[in-house]
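If you look up Swiss-Prot, you'll see D411 marked as active site, 4-aspartylphosphate intermediate. According to Swiss-Prot, the feature ATP binding site maps to D411, K412, T413, E515, F556, K579, R613, T693, G694, D695, R807, K813, N836, D837, an assignment based on similarity to another entry. Annotated Mg(2+) binding site per Swiss-Prot: D411, T413, D833, D837, in sequence order, evidence recorded as similarity to another entry. Residues or ranges marked as phosphoserine in Swiss-Prot: S1175. If you look up Swiss-Prot, you'll see 12-36, 1179-1209 marked as region 'Disordered'. Marked as topological domain 'Cytoplasmic' by Swiss-Prot on the basis of sequence analysis: 1-68, 113-295, 360-898, 944-972, 1033-1036, 1104-1209. The annotation topological domain 'Exoplasmic loop' is assigned in Swiss-Prot to 317-338, 994-1011, 1058-1082. For 69-89, 92-112, 296-316, 339-359, 899-919, 923-943, 973-993, 1012-1032, 1037-1057, 1083-1103, the entry in Swiss-Prot reads transmembrane segment, with the evidence type sequence analysis.
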Amino acid sequence: MTVPKEIPEKWARAGAPPSWSQKKPSWGTEEERRARANDREYNEKFQYASNCIKTSKYNIVTFLPVNLFEQFQEVANTYFLFLLILQLIPQISSLSWFTTIVPLVLVLTITAVKDATDDYFRHKSDNQVNNRHSQVLINGVLQQEQWMNVCVGDIIKLENNQFVAADLLLLSSSEPHGLCYIETAELDGETNMKVRQAIPVTSELGDVSQLARFDGEVICEPPNNKLDKFSGTLYWKENKFPLSNQNMLLRGCVLRNTEWCFGLVIFAGPDTKLMQNSGRTKFKRTSIDRLMNTLVLWIFGFLVCMGVILAIGNAIWEHEVGTRFQVYLPWDEAVDSAFFSGFLSFWSYIIILNTVVPISLYVSVEVIRLGHSYFINWDKKMFCMKKRTPAEARTTTLNEELGQVEYIFSDKTGTLTQNIMVFNKCSINGHSYGDVFDVLGHKAELGERPEPVDFSFNPLADKKFLFWDSSLLEAVKMGDPHTHEFFRLLSLCHTVMSEEKNEGELYYKAQSPDEGALVTAARNFGFVFRSRTPKTITVHELGTAITYQLLAILDFNNIRKRMSVIVRNPEGKIRLYCKGADTILLDRLHPPTQELLSSTTDHLNEYAGDGLRTLVLAYKDLDEEYYEEWARRRLQASLAQDSREDRLASIYEEVESDMMLLGATAIEDKLQQGVPETIALLTLANIKIWVLTGDKQETAVNIGYSCKMLTDDMTEVFVVTGHTVLEVREELRKARKKMVDSSHAVGNGFTYQGNLSSSKLTSVLEAVAGEYALVINGHSLAHALEADMELEFLETACACKAVICCRVTPLQKAQVVELVKKYKKAVTLAIGDGANDVSMIKTAHIGVGISGQEGIQAVLASDYSFSQFKFLQRLLLVHGRWSYLRMCKFLCYFFYKNFAFTMVHFWFGFFCGFSAQTVYDQYFITLYNIVYTSLPVLAMGVFDQDVPEQRSMEYPKLYEPGQLNLLFNKREFFICIAQGIYTSVLMFFIPYGVFAEATRDDGTQLADYQSFAVTVATSLVIVVSVQIGLDTGYWTAINHFFIWGSLAVYFAILFAMHSNGLFDMFPNQFRFVGNAQNTLAQPTVWLTIALTTAVCIMPVVAFRFLRLSLKPDLSDTVRYTQLVRKKQKAQHRCMRRVGRTGSRRSGYAFSHQEGFGELIMSGKNMRLSSLALSSFSTRSSSSWIESLRRKKSDSANSPSGGAEKPLKG
């Protein structure tokens, strides 16, 4: 092959440095990919990655060292390894090494088994994929090769229904013109077929011998993750040919409806776009995780302080007192320095007191989160029967964060709406079609409409298509030229593929539901798109087959927001047909009659007001000479290696101008079931919902009213449409001024200051009286998100009850979410269903994917997924609230029980000469956290609930404590620590005081170290068991079994450890022989245990009774209400048993209940629950919740500190 002179010098070199291997060195990156067909020796110079994929992390040799290295990246594991090393030093260790190594090994083993299991399945999947077979052309012969042995530059033969082994350049196929059909479900989840086409120069290479002689070279972009873009050039026979994404078959696709095709491997293995897109999602941590890390550091500091205090005590005691005992006690070799003695004592006490930060905490947290995730996955009420799709928790680390959400960012299409498009109305030459009027000229409602239009004249019509305005069909039959041209455009300007399984049975495969709806409408009105080839489109126009020559497709993208086709009709006339967004197309029209533009614009506004999705249609005639010249420049732009897309966009911009307006379409996208009720319920839970959509303003606003985000009761809906920074700033400031002036008028006493600094914006949130909404367009949002305006935008938006951002790009969606995350101390959730929502989903604290019509990219990027928006209320108000409640109660109890356990050693230090002697038996220390107290707290953390799920939905105000971090924060932590320290004081000093004077039954002294240890340990286990019984709000059989079972296990192990049998076998290890039997046989000991338990528990019980009586929280009020209802129902049942009456009053009561049921079904009672609740919540938490919300806002910096206007319940 000869390289043309036009190739840049860097491409004309014979070779390139081997810096593009699978493991690319840090000093080199691949700037371009060169692949020559049938020349492995040449391609091996570049050391490209092989086609072997590896998603596994370990092998048999590396598993143990690598996994241990990864686990010791965790600070907690490293901390406990450090303690283990300390325990191996005899001079400072007062505990056996197994007290730390047993829990540590247990944790490491559990994690390692989990990692090994996950990696085993990755290995299994890798082997399954790598060992698939493909037909590869080697030395002129097709041979069966494993996928892992395929190399860049190889030519592969694919057959129907086979997976594509690597990223291939399509060379030829069994279909005419080098076409082939693929399914991309594994890439983007879309099951509709897509068409790919070989370039004409290679489409005739269908023979193996011809392909064996093919030596073309492809020079293209380096590996990247852009699924919809490819730019390259084929050099062959002294010519160059542009390549695009339409010529590529990507790994993971499946060949469909094509007998065979040949492709040239461009990217292999980890360089394929599928693997480039399988990178790890950013790891998300919850606010509780971050708080817990801070608290653990504080605890460690507290541990060091205790160690220092006891070390100083040891140094003083050794110097002042210790020498007196050396005369008659066995003593280690005297330490020369009291300071050194204190130093050794410090490390000894660090070892003993380390249980304030138990290693089992981290394992327990993960187990609880895993249980919560399974509850979400198993929830039948979040299972969609129609799609057979369950809810899925795709992560286990964010469950409790679901109970703290304050902002929801939602896509509209496919998320709030069904994304099932229906052709509803249209405007043609200034005439609107779609509405039906009665004899009096009034618009008929849906239930009053006549029969739909009869399309029986058209044997190819889609029987599922419904349209109500028969005048449009009459215009078609009458031969109206504008109407014919309108539907001709819809039948030609698209990328839909048709499939005809039987004669007359057409099936359309559209890349978007909008296109499918438009082509189906044209089909029913007599303009039937029948088939296409790369160069032609065949349409049956009112029964006559007409084939148009397809000259060019100017494809749609998010920037252009339009698509066009250029066709030549049988008479040789060239015409451009274009459809796109009104904001784009109306600026590119030939000045028509003012009347046509005005009427079409009015229709567009009317359609948008009805919540319909609109497109404008236009056309333009091209003369042959202009088209030839334009096509030549388009070819040059498509061959450009630099800025190819920008050059093509400029060429497209030129031809898509001075067009003639033809009309507009309006497509209906209905709301999903339950959306208004869900939004109303979440709003009552003080969750703010922002809709971020690409639709036009009128459509978005109408959907806002439909789903009850916007209401007629709102004080004002602000619309920001400025085109410059100054205009946007002025509109935002006017909105804030109106809100504040209104609040001042009702006596809030807030003074507005016109010049707000970006560093100290006056918080409007506390001053706003009334309900406001903000609607902002994409071009205005671009200015509002600039660095010097973002705070003003956020301040205004956060003061509003609802925010709708229209005409926004995927990047702007992510920027809005990032803005709220940056300045607001609030948890954000983003929910969407399409690829354009992925960036928003990944940016938010929590990402939720809807499995809908737009593929599964949003689901793959999400943390949670389900099939309908209405399930969001259950995810947050039930699973999220419960997960937060359970995790908070678990952490409070866990810190309490460990401080109660550990601090006893601290007090004992003052009575044992600061000798680092432990109170408990070393086996009790080892088993306390992993056997005696682990299962009860796990059961509470997994199963506990304060109110039933129905009440969580009925009283959304119950959600607020999570938003305010009321259940676990620094204050609650210190309360738990104080309770733990209080318990430890009583558990040490009560037995100590009793044992000082008590005697046994035989009159001998009761006090000895071993009896004291057994008494304190037994008291501890009983106290913490009673405490968790008080903390448990929802008792199950599992809770009973774990709590009482743990107590039974404790006594069983205690008596076993102190038995003669174990002492005889291991006399050096089990030295408490017979102690348990002797100690627990004494009535004084049981009285001491009972006294200790009562004194530890009674203050807690008293405090809770007082709080319940004087200051109950909302969940207490709801539980009380439920008890009252149950008693009333029981009384009614008793009354019915006493006697029956025939009074009409019972009939009236029954009919009244029927009416209330209709009210519930209508959704109008959404506020009723809150209002009804307020009747008995004067003693409840509404006031203190709101005061805490105000306190939170006052203590925070503006605007993050601004609290939202509380919703009155």
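Cβ from N, Cα, C; glycine included.
Features recorded in Swiss-Prot, as mapped to the structure shown.
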| residue | record | CB count, 10 Å |
| --- | --- | --- |
| D411 | active site, 4-aspartylphosphate intermediate | 30 |
| T413 | ATP binding site | 26 |
| F556 | ATP binding site | 18 |
| R613 | ATP binding site | 24 |
| G694 | ATP binding site | 24 |
| R807 | ATP binding site | 20 |
| D833 | Mg(2+) binding site | 30 |
| N836 | ATP binding site | 22 |
| D837 | Mg(2+) binding site | 31 |
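Classification of D837 (Mg(2+) binding site) by DSSP places it within a helix. When Cβ-Cβ distances below 8 Å are used as the criterion, the transmembrane segment (923-943) is approached by residues 95, 98-99, 102-103, 106, 355, 358-360, 364, 367-368, 371-372, 886-887, 889-890, 893-894, 897-898, 901, 1013, 1017, 1021, 1024-1025, 1028, 1031-1032, 1034, 1036, 1038-1039, 1042-1043, 1045-1046, 1049-1050, 1053-1054, 1057 of the same chain, each at least six residues removed from its ends. Predicted-model confidence for the topological domain 'Cytoplasmic' (113-295) is 86, expressed as mean pLDDT.
Counting Cβ pairs under 8 Å to the transmembrane segment (1083-1103), the top-ranked stretch among 69-89, 973-993, 1012-1032, 1037-1057 is 1012-1032.
Same-chain residues lying 6 or more positions outside the transmembrane segment (339-359) and placing a CB less than 8 Å from one of its CB atoms are 76-77, 79-80, 83, 86-87, 89, 91-95, 100, 103-104, 107, 296, 299-300, 302-304, 306-308, 310-312, 314-315, 318, 894, 898-899, 901-902, 905-906, 909, 914-916, 918, 925, 928-929. For G694 (ATP binding site), the nearest of the recorded positions D411, D833, D837 in terms of C-alpha separation is D411.
Secondary structure of the topological domain 'Exoplasmic loop' (994-1011), assigned with DSSP and counted as helix (H, G, I), strand (E, B) and coil, comes to 7 helix, 2 strand, 9 coil. When the recorded positions D411, D833, D837 are compared by Cα distance to R807 (ATP binding site), the shortest distance belongs to D411. Tertiary proximity for the topological domain 'Exoplasmic loop' (994-1011) is limited to same-chain residues at least six positions away from its ends with a CB under 8 Å from its CB atoms, namely 1072, 1075, 1078-1079, 1082, 1084-1085, 1088, 1091. Taking the Cα of D837 (Mg(2+) binding site) as the reference point, the closest of the recorded positions D411, T413, F556, R613 is D411. D833 (Mg(2+) binding site) is 20 Å away from F556 (ATP binding site) when you measure Cα to Cα. The list of residues near the topological domain 'Cytoplasmic' (1033-1036) in space but at least 6 beyond its ends in sequence, with Cβ under 8 angstroms from a Cβ of it, reads 939, 943-946.
You'll find the Cα of N836 (ATP binding site) roughly 9 Å from the Cα of the residue listed as 'active site, 4-aspartylphosphate intermediate'. DSSP classifies R613 (ATP binding site) as strand under the three-state reduction.
Put simply, D833 (Mg(2+) binding site) is 8 Å from T413 (ATP binding site) when counted between their Cα atoms. Put simply, R613 (ATP binding site) is 15 Å from D411 (active site, 4-aspartylphosphate intermediate) when counted between their Cα atoms. The binding residues for ATP are recorded as D411, K412, T413, E515, F556, K579, R613, T693, G694, D695, R807, K813, N836, D837; their greatest pairwise CA distance is 25 Å.
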